[in-house]
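What Swiss-Prot lists as compositional bias 'Polar residues' is 1-14. Look at Swiss-Prot and you will find His137, Gln138, Ser139, Ser164, Asn167, Thr168 tagged as NAD(+) binding site, backed by similarity to another entry. Per Swiss-Prot, the feature site 'Important for catalytic activity' maps to His137, Phe183, Phe207, Asp230; the stated evidence is similarity to another entry. Here Swiss-Prot flags 368-398 as repeat 'ANK 1'. Look at Swiss-Prot and you will find 444-473 tagged as repeat 'ANK 2', backed by sequence analysis.
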Amino acid sequence: MRVETHSPSFTNPNPAEACSGDPTEMGSRLSGVSRAPLPHAAAGRDGEAAAAGKIGAFLRKAVAAQSYGLMFANGKLFEATGDALEKREQYGFSALKRLDGLSRRNLDAVAARLGALDSAEQALKQHIMAGAWHFRHQSNAALDDGEKATIASNHLLSRQARSSGGNTFADDKALLSNHDFVFFGVEFSGRDKNDKPLNHKHSTMDFGANAYVVSDALPACRNGYLTLTDHFFNRVPGGREAEHQDFVGRFAQMGRESGRWIHEGKYRQNAPLFCYRDMKAAVALHLIEFMRNSQDEAFKAYVFDQATQSGPALDRVLNSVFQAEFHIPRLMATTDYAKHPLRPMLLKEAVDSVNLPALSDLVSNRGDAVTAMWHAINKGKDEVVAYLLGNWQFEAKDFSHAPAGFYHELNYALSESGASVYILDQFLSRGWAAVNAPFEHVNRGDTMLDNAVKYGNREMVAALIKHGADRNLLSKWHKSDLDALLA
């Protein structure tokens, strides 16, 4: 699951051109669009404010075009389905037109399968389309300052050499290349954003202790896209996998039926995409299709009789039949949000997400600080180590044995694949690790220099040699590798 910049309000909430526009090149100037909320425009404002709002809307579309261009031009799935764009340095509004075309095609496909709707189905569709939705981003990271929430895409964080942890992996990038979007779960209840979310998981995953909630009317959402499932896995968790077992348990047949792939075409990972204009109609029609195919008469009666009368009841239905995921391009920076603690944060989570305010609350003694330091070593979190070094006093004996739950001794952890050279240097400089001490467990007898050579880490090799690493202690098969690495 799973960056927000915001645009002006529109008189027509679903303009025909919401997903498209004239091809326009913005060039490298777009790289400067980052974390400032863009101005809103509303009826009754003076001409200057309205003009600023139009500029903000244009910039949001221009940035969104880059996110969609990156996805459609680089995702292997879109190449396989014939929907890929040509790779370019910068993308015009044709990238948004591609989304618009896919969305319309996917909506037409489900509408064609259904044919004419009866009166009850029509009423259900209208009820869903008239509903107010909210989008929920869960995270352990510190994404707000109490006044403004700023959530960046994986792609933007990488470009800025920043990371607070994430859930985007190489397979996601290769198949979909959708890592320039911010991911949200969907709250369908229509309750206010200040009300605690009804859902705390997405596709069985708990993505964090805090939820940042925004309205679907937020201008930045107008350039987003919706999938009915997790976009990558594209499967609804049904039955015992579902989050709300109390609800699914009432409709056992529905629970069994809901665990499924939702796709168009022959590729089951080809999750149908829907732009902002089409997303509510898509959810309504796919729900009707599910109900027509369902054998659970009690569930169908519940939907028509109760879910149309209660927002929370409708949310239970839609978050059981689907696991909808909304995606906002690149960045969301807004003051119009609500933050909800869903559960206590774990120390490991605060370290992994580099949430220093939470870490400060969770570390109350040196024992906590030592445990946090081990987590930071394992994850290569330089900023956390710097924070701990600046706020706590440590001794070498604090790290002589790994705490419960950690699998490697200190020297191995400091030099394994992906380890931080900054953290290694800090420990060696303070005498908390012996540069030539042999490993006692994994690869017994090897030293940190063996690990650095094995993983081809020239920077780490240089740091170890600076601190007196003895190349004569290298395993025989690593000596020639060291020469090649330093050549």
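Cβ atoms are placed via backbone N, Cα and C, with glycine included.
Note that this is a predicted model, so its numbers are computed, not measured.
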I need the nearest neighbour of Gln138 (NAD(+) binding site) among the recorded sites Phe183, Phe207, Asp230, using C-alpha distances.
Phe207
Please report the number of other Cβ atoms within 10 Å of the Cβ of His137 (NAD(+) binding site).
27
Out of the recorded sites Phe183, Phe207, Asp230, give me the one sitting nearest to Ser139 (NAD(+) binding site) by CA distance.
Phe207
Would you mind checking how many other C-beta atoms are within 10 angstroms of the C-beta on Gln138 (NAD(+) binding site)?
26
Closest to Phe183 (site 'Important for catalytic activity'): which of the recorded positions His137, Phe207, Asp230, going by Cα position?
His137
If one measures from the C-alpha of His137 (NAD(+) binding site) to the C-alpha of Phe207 (site 'Important for catalytic activity'), what distance in angstrom results, rounded to a whole number?
8
Segment-level pLDDT (mean, integer) for the repeat 'ANK 1' (368-398):
98
Distance check, please: Cα of Asp230 (site 'Important for catalytic activity') against Cα of Phe207 (site 'Important for catalytic activity'), rounded to an integer number of angstrom.
13
By a simple count, how many Cβ atoms lie within 10 Å of the Cβ of Ser139 (NAD(+) binding site), its own Cβ left out?
22
What is the one among the recorded sites Phe183, Phe207 whose Cβ has the most other Cβ atoms less than or equal to 10 Å away?
Phe183
